[in-house]
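**Student:** Structure in structure tokens, see below.
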Amino acid sequence: MANIKAKKYYSYAKINLFLHILNKRTDGYHNLQTWFTFLDLKDQLTFSFNNSREINISSNISIAAKQDNLVYKAIKKFQQSYRVQDIGVDIEIKKNIPMGAGLGGGSSNAATTLIALRDYYLPQLSNEEMIPLAAKLGADVSIFVYGKSAWAEGIGEILYHKDFSPQYALLIKPDIHISTKEFFTSEDLIKSSVLISKDLGFDKSIMHNDFENVFYAKYPEFSQYLKELDSDFRMTGTGSCFYLLSADKNKLEQLARKINKPLDKWLVKTLNYVY
């Protein structure tokens with residue numbers, strides 16, 4: 001079995017600077033508006049292509065069975081869309097992005113897989129040309145293929161490049177795994193009814209996360225704890241990760257030391273580009 005030299009890729013996390021949920025579509029997805037930026041919190045994926053015609057995926061943590069794994073689904077979609085047969089590859093995933101946190105770890109891994117496959121099999125393809133394929137894998141996969149901070153509409157696949165002023169971000173995550181489906185169907189979800197202009201700057205007074213009310217209703221004790229911290233933590237995606245942005249790294253370090261609950265914490269930077 002001939003093996004090609006292994007190639008490593010980084011797979012970055014994202015945050016939603018705001019997330020407005022609009023109407024439900026006939027395909028079951030919801031239209032939305034959001035502003036994505038990236039974090040220097042990242043997974044590492046190593047791809048070793050070979051002629052085995054087998055797809056093997058391993059990780060440093062427990063991951064979904066092959067048929068339910070977004071990385072595997074990305075490979076199959078790539079095969080079907082571009083008629084690339086007999087893919088043989090060993091993929092090793094080193095996870096650092098927490099799962100079920102709203103940071104897009106699984107979607108990011110799927111996008112990285114599409115890019116690795118493109119680099120090996122179809123290097124003439126641009127990232128933008130793969131966005132329609134990415135959208136078929138999930139609402140967040142497109143932004144990771146796009147690779148730049150962006151305003152997003154549709155289900156997240158209509159993207160407009162929009163930089164965000166780089167800052168530090170303190171992430172905190174309770175030991176809670178969120179069901180996205182449950183949050184979308186929650187009676188506590190109050191959907192946004194008014195579109196806002198993508199030309200606006202970051203405005204906390206009109207830009208919020210519609211899922212925060214759902215989270216706070218389900219986990220009122222965590223909501224109370226955030227109030228006690230007296231800081232403007234915001235939720236990314238459907239949670240359960242919250243973030244606080246600041247240009248002052250020391251301020252965030254001091255706050256992190258003040259947090260006495262058993263929460264996972266990261267101090268990271270925002271990024272406008274990941275490719």
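Cβ coordinates come from backbone N, Cα and C, glycine included.
Found this in Swiss-Prot, in case it helps:
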type     : residues                                                                             : note
ACT_SITE : Lys14                                                                                : active site
BINDING  : Pro98, Met99, Gly100, Ala101, Gly102, Leu103, Gly104, Gly105, Gly106, Ser107, Ser108 : ATP binding site
ACT_SITE : Asp140                                                                               : active site
**Student:** Just to be sure I understand the packing, how many Cβ atoms besides its own are within 10 Å of the Cβ of Pro98 (ATP binding site)?
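**Tutor:** The answer is 19.
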**Student:** Let me know how many other Cβ atoms fall within 10 Å of the Cβ of Lys14 (active site).
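**Tutor:** Cβ-Cβ neighbours of Lys14 (active site) within 10 Å number 28.
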**Student:** What does the structure give for the C-alpha distance between Asp140 (active site) and Gly106 (ATP binding site)? Integer Å is fine.
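**Tutor:** Their Cα atoms are separated by 9 Å.
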**Student:** Taking the Cβ of each of the binding-site residues and counting other Cβ atoms inside 10 Å, which one has the highest number: Gly100, Gly106?
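**Tutor:** Checking each of Gly100, Gly106, the winner is Gly106.
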**Student:** Under a three-state reduction of DSSP output, how is Lys14 (active site) classified: helix, strand, or coil?
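**Tutor:** Its secondary structure by DSSP: strand.
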**Student:** Can you tell me the three-state DSSP label for Ser108 (ATP binding site)?
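**Tutor:** SS state of Ser108 (ATP binding site) = helix.
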**Student:** What does the structure give for the C-alpha distance between Gly102 (ATP binding site) and Lys14 (active site)? Integer Å is fine.
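**Tutor:** Roughly 8 Å, rounded to the nearest whole number.
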**Student:** Taking the Cβ of Gly104 (ATP binding site) as reference, which residues of that chain separated by at least 6 in sequence fall under 8 Å from it?
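**Tutor:** Those within reach of Gly104 (ATP binding site), by Cβ under 8 Å and sequence separation of 6 or more, are Ala13, Lys14, Ile97, Asp140, Ile143, Phe144, Gly237.
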**Student:** Sort Gly100 (ATP binding site) into helix, strand or coil using the DSSP assignment.
**Tutor:** coil
**Student:** Name, in the order they occur in the sequence, the residues of the same chain whose CB lies under 8 A from the CB of Ser108 (ATP binding site) and which sit 6 or more residues away.
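**Tutor:** In sequence order, the residues whose Cβ lies under 8 Å from that of Ser108 (ATP binding site) (at least 6 apart) are Ser11, Tyr12, Ala13, Lys14, Asp43, Ile97, Asp140, Phe144.
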**Student:** So how many other Cβ atoms are close to Asp140 (active site), meaning within 10 Å of its Cβ?
**Tutor:** 27
**Student:** Indicate whether Asp140 (active site) is helix, strand or coil by DSSP.
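**Tutor:** Coil, per DSSP.
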